[in-house]
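A short write-up of the structure that comes next.
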Amino acid sequence: MPRAVRIGICGLGTVGSGTLNVLARNGREVAARCGRALVIEQIGARRDNPNCDTSQLSVTRDIFDVASNPSVDILVELIGGTTVAKELVRTAIENGKHIVTANKALIAEHGNELFELAAQHGVTIAYEAAVAGGIPIIKSLREGLVGNQVQWLAGIINGTGNYILTEMREKGRSFDQALAQAQALGYAEADPTFDVEGIDAAHKLVIMASLAFAMPLAFDKVYTEGISRICSEDIRYAEELGYRIKHLGIARRTDKGVELRVHPTLIPERRLIANVNGVMNAVLVEGDAVGPTLYYGAGAGDEATASAVIADIVDVARTLEAKPEQRVPAAGVALAEQGGTQVLPEEDVITSYYLRIAAHDKPGVMSQVATICSDQGISIEALIQHEPVAAEALVPVVILTSRADEASLRLAVSQIETLDTVEGEVVRIRVESLG
Ligand SMILES: NC(=O)c1ccc[n+]([C@@H]2O[C@H](COP(=O)([O-])OP(=O)(O)OC[C@H]3O[C@@H](n4cnc5c(N)ncnc54)[C@H](O)[C@@H]3O)[C@@H](O)[C@H]2O)c1
Ligand SMILES: N[C@@H](CCO)C(=O)O
Ligand code: NA
């Protein structure tokens with residue numbers, strides 16, 4: 001029997017406490033599967049967490065004690081953020097420790113540099129919990145789909161955002177009420193604007209894209225749009241047209257580069273992914289050999305995320321004595337084998353659009369809108385016009401367009417907004433068939 005693997009856990013919040021609790025419950029079976037004992041050598045936590053029991057464990061208030069503890073083999077970083085966390089991970093790597101992290105911000109923004117450092121020191125960085133919580137999507141992309149050229153992937157990869165959209169649609173809750181609930185349940189980031197403005201999803205998207213397309217992490221190149229401007233009437237009108245609004249991260253291989261985008265999206269309601277609700281996440285991956293595959297599960301929460309953290313601990317533990325080149329590379333390929341980061345400019349992305357126009361109830365509006373669209377090569381595929389709620393009130397006109405490039409659509413929208421018969425900004429949301 002190989003010697004026990006010694007684990008140091010930094011951060012005892014939602015995920016840290018969840019990890020301790022799952023290990024306390026399932027540790028024996030996990031160790032049996034791993035083929036070696038798992039010992040929690042040290043915990044680094046600012047304060048005790050009443051949700052877990054550390055009375056039998058060695059706890060330090062200084063997380064850097066864990067990074068320099070010669071008895072720790074694997075440092076599990078669960079503090080979040082990109083400043084102290086980066087310093088902690090760098091220090092631990094320089095001290096020869098393997099890293100397990102749930103921190104997508106850290107990997108997305110500093111992964112290129114940290115992978116390089118880890119390679120120099122012959123250690124690995126595992127980050128399954130960083131994307132889609134408990135769903136083993138990193139392992140699927142990096143190992144299960146290794147025989148494929150991934151064509152595209154699309155995912156609901158922020159549990160908080162999906163929870164908010166679901167609560168708004170199903171229970172008529174306000175955006176703010178639903179967000180407060182997601183925070184109380186431990187789903188939201190320390191700064192919840194990361195969730196609602198799409199930053200967290202962008203972090204996760206680039207991590208998946210780097211694995212799917214063997215490219216360096218390119219967080220600064222993701223087009224990012226959040227859900228904070230989605231209102232309940234758009235959710236309702238989308239339903240009338242047979243669609244659901246979901247916040248998607250999409251990465252697609254094209255001849256001109258890789259599309260990397262996060263934005264609210266109308267999806268046909270018959271698609272499985274359109275029916276992924278609450279905190280659940282789902283990622284669709286289209287491989288050239290396998291075809292479409294779908295991964296579904298809890299994208300956030302203490303024990304669901306702990307499931308991924310523990311899977312990583314076991315992966316690292318199983319290859320603790322292996323030579324670095326015998327391990328699955330953290331980036332999916334050796335860093336020298338990564339291709340370029342040619343990302344398609346947003347102006348060139350082609351999709352259909354949902355447009356909502358607030359129009360005065362006067363003859364001729366529709367023909368003016370149709371002419372503007374047709375001048376840009378855009379046709380109108382569906383249209384619904386609602387009754388004004390009161391005499392003189394504005395009429396919501398909802399349009400689904402044909403596929404158009406972003407630049408043409410922008411031009412059409414700006415012309416529609418200048419019409420005398422139209423008030424305010426046109427609401428526009430991309431539409432994807434995902435078929
Ligand atoms: N909550 C989830 O569902 C979830 C899911 C997947 C990934 N993540 C990621 O996991 C990480 C942790 O998230 P969380 O939800 O557990 O956050 P959290 O805020 O609940 O926990 C973080 C803990 O780290 C501690 N901490 C921060 N800086 C510290 C320092 N310098 N020294 C000692 N302790 C320090 C905090 O006091 C807190 O207890 C983040 O990177 C997050 O993005 C969270
Ligand atoms: N805040 C994140 C946690 C999981 O990464 C979410 O809501 O999806
Ligand atoms: Na995961």
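Cβ from N, Cα, C; glycine included.
Just so you know, TrEMBL annotations never went through curation; they're auto-generated.
The active site, proton donor annotation in TrEMBL covers LYS204. Classification of LYS204 (active site, proton donor) by DSSP places it within a helix.
Among the features that TrEMBL reports, NADP(+) binding site is placed at CYS10, GLY11, LEU12, GLY13, THR14, VAL15, GLY16, SER17. DSSP assigns GLY13 (NADP(+) binding site) to coil in the three-state reduction, placing it in neither a helix nor a strand. Within 10 Å of the C-beta of GLY13 (NADP(+) binding site) we count 17 further C-beta atoms, all protein chains included.
Sequence-distant contacts (6 or more apart, same chain, Cβ under 8 Å) of LYS104 (NADPH binding site) comprise TYR127, ALA130, VAL131, ASP200, HIS203, LYS204, ILE207. Residues annotated as NADPH binding site in TrEMBL: LYS104.
Within 10 Å of the C-beta of GLU189 (L-homoserine binding site) we count 20 further C-beta atoms, all protein chains included. The annotation L-homoserine binding site is assigned in TrEMBL to GLU189.
For the domain 'ACT' (354-431), the model's average pLDDT works out to 92. Residues or ranges marked as domain 'ACT' in TrEMBL: 354-431.
Across the structure, GLY13 (NADP(+) binding site) and GLU189 (L-homoserine binding site) place their CA atoms 12 angstrom apart. Ranking the binding-site residues CYS10, LEU12 by C-beta neighbours within 10 Å puts CYS10 at the top. Listed in sequence order, the residues ILE9, GLY18, THR19, ALA45, ASN49, LEU78, ILE79 complete the 8 Å Cβ shell around the NADP(+) site centroid, once CYS10, GLY11, LEU12, GLY13, THR14, VAL15, GLY16, SER17 themselves are left out. Less than 6 Å separates the Cβ from ligand 2 in the case of GLU189, drawn from the binding-site residues CYS10, THR14, GLU189 in sequence order. For ligand 1, the nearby recorded positions are GLY11; that is, of GLY11, SER17, LYS204, these have a C-beta under 6 Å from one of its atoms. Of the recorded residues, GLU189 (L-homoserine binding site) and SER17 (NADP(+) binding site) place their C-alpha atoms 16 Å from one another.
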